[in-house]
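Just below is one structure, and these are the notes that go with it.
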Amino acid sequence: MAKDFYTILGVGKNASEEEIKKAYRKLAHQHHPDKAGGSDAKFKEVNEAYQTLSDAKKRRHYDAFGSAPQGGQSSGGGAGFGGFQWDFQGGDFSDIFSDFFGGGGQGRGQPHRQEKGEDIRVALHSTLEDSAFGAEKELSIKRDVECSRCKGSQAEPKSEIVSCAHCGGTGRVSRQYRTMFGTIAQQSACSACQGRGKVPKHKCTQCHGAGVRKETDTFKIKIPAGIDSEQMFKVQGKGNAAPLGAQSGDLYVAVTVAKHPIFSRKGSDLYLDLPVRFSQAAFGDKIDIKTLYDTVSLKVPAGIQSESVIKLGGKGMPRVSGFGKGDLLVKVRVQTPAKLSRRQKELLEELKKENL
Ligand SMILES: [Zn+2]
Ligand SMILES: [Zn+2]
């Protein structure tokens with residue numbers, strides 16, 4: 001455990017709670033594995049650091065011993081204390097998660113917060129043209145959708161609503177953990193009633209009380225113009241639906257753009273190899289170039305050298321930010337004649353005499 005949690009979060013040893021929280025938010029956004037350039041390992045590391053430094057007790061322990069408090073080697077399984085764990089019930093974390101990607105914010109100030117539906121991630125293969133023009137695609141995915149019979153209420157229509165027997169109608173259950181600091185009681189939402197304290201007397205017969213059903217959902221999505229491989233875009237509300245009026249999760253579409261037979265791509269710029277005959281290079285010429293968008297008459301200047309690049313401004317990929325397009329860079333490749341006719345040979349012999 002030689003990890004320095006302060007360095008990981010980029011804060012000083014005397015950082016305030018607020019500074020730590022701020023640093024964590026920034027880094028968690030940056031490294032979130034669902035984001036372009038995100039990193040699972042980094043994200044976990046940042047979370048681990050935050051879990052310790054955001055908790056006054058754990059932080060004191062860390063400052064004193066240089067490691068996070070361990071839950072007394074709780075072998076034998078079960079939910080241990082300490083170490084890395086997701087705790088979506090603990091208010092502090094869900095608060096941070098709800099503003100990921102700008103979504104969320106549901107249920108604030110309500111007596112019992114409903115969990116948002118899960119996000120779904122799918123892979124999508126696209127052509128360069130589809131990416132350039134932002135094509136519309138039909139997508140079929142299996143996801144939880146709201147049950148049509150109970151409309152997500154989990155109750156059989158007209159069923160009586162009764163107090164939850166599991167939690168005695170309080171909506172909360174208490175669990176106790178033994179830790180090196182003594183026994184800690186943790187309150188969490190009752191799983192039987194999802195914290196509502198009330199349950200339907202008769203569960204919906206179609207979804208068996210889940211409020212949602214797994215179905216194949218087919219819908220149209222628009223590929224964001226200019227998207228590149230290893231980038232991801234979000235389709236709001238097309239993740240799993242959640243029961244009891246909670247917000248649906250989101251769909252994250254991870255894109256792979258297929259290699260193009262003619263253009264290669266670097267960011268928003270496209271590259272094209274243009275074979276040019278020796279005489280065209282020497283005298284100059286006008287050559288028709290098919291770009292992604294149109295046909296351009298490219299002026300090849302006299303005396304151009306092989307490997308020279310001619311830029312066609314704005315004929316590259318749209319920038320995914322929405323501002324303008326990249327360029328098309330045409331790389332001239334002067335072809336050396338390999339198979340010569342008798343006449344060509346004679347002429348080249350003449351050129352040779354002229355030191356060409
Ligand atoms: Zn139902
Ligand atoms: Zn309950």
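Just so you know, glycine gets a Cβ as well, placed from its N, Cα and C.
Nobody curates TrEMBL annotations by hand; they come from automatic prediction.
TrEMBL lists Cys147, Cys150, Cys204, Cys207 with the feature Zn(2+) 1 binding site. The Zn(2+) 2 binding site annotation in TrEMBL covers Cys164, Cys167, Cys190, Cys193. Look at TrEMBL and you will find 4-66 tagged as domain 'J'. Annotation source TrEMBL lists domain 'CR-type' at 134-216. The zinc finger annotation in TrEMBL covers 134-216.
A coil conformation is recorded for Cys190 (Zn(2+) 2 binding site) in the three-state DSSP classification, outside any helix or strand. Taking the mean position of the Cβ atoms of Cys164, Cys167, Cys190, Cys193 as the Zn(2+) 2 site, the remaining residues of that chain whose Cβ falls within 8 Å of it are Ala165, His166, Gly168, Gly169, Thr170, Gly171, Arg172, Val173, Ser191, Ala192, Gln194, Gly195, Arg196, Gly197, Lys198, Val199. With respect to ligand 2, the binding-site residues Cys150, Cys164, Cys190, Cys193, Cys207 contribute Cys164, Cys190, Cys193 as residues with a C-beta closer than 6 angstroms to one of its atoms, given in sequence order. Of the listed binding-site residues, namely Cys164, Cys204, the sparsest Cβ surroundings within 10 Å are found at Cys164.
Classification of Cys164 (Zn(2+) 2 binding site) by DSSP places it in coil, neither helical nor stranded. For Cys147 (Zn(2+) 1 binding site), the nearest neighbour among the binding-site residues Cys164, Cys167, Cys190, Cys193, judged by Cα separation, is Cys193.
Among the binding-site residues Cys147, Cys150, Cys190, Cys204, Cys207, residues whose Cβ is positioned under 6 Å from ligand 1 are identified as Cys147, Cys150, Cys204, Cys207. Of the chain residues outside the Zn(2+) 1 site list Cys147, Cys150, Cys204, Cys207, Ser148, Arg149, Lys151, Gly152, Ser153, Gln154, Ala155, Lys203, Thr205, Gln206, His208, Gly209, Ala210, Gly211, Val212, Arg213 have their Cβ within 8 Å of the site's Cβ mean position.
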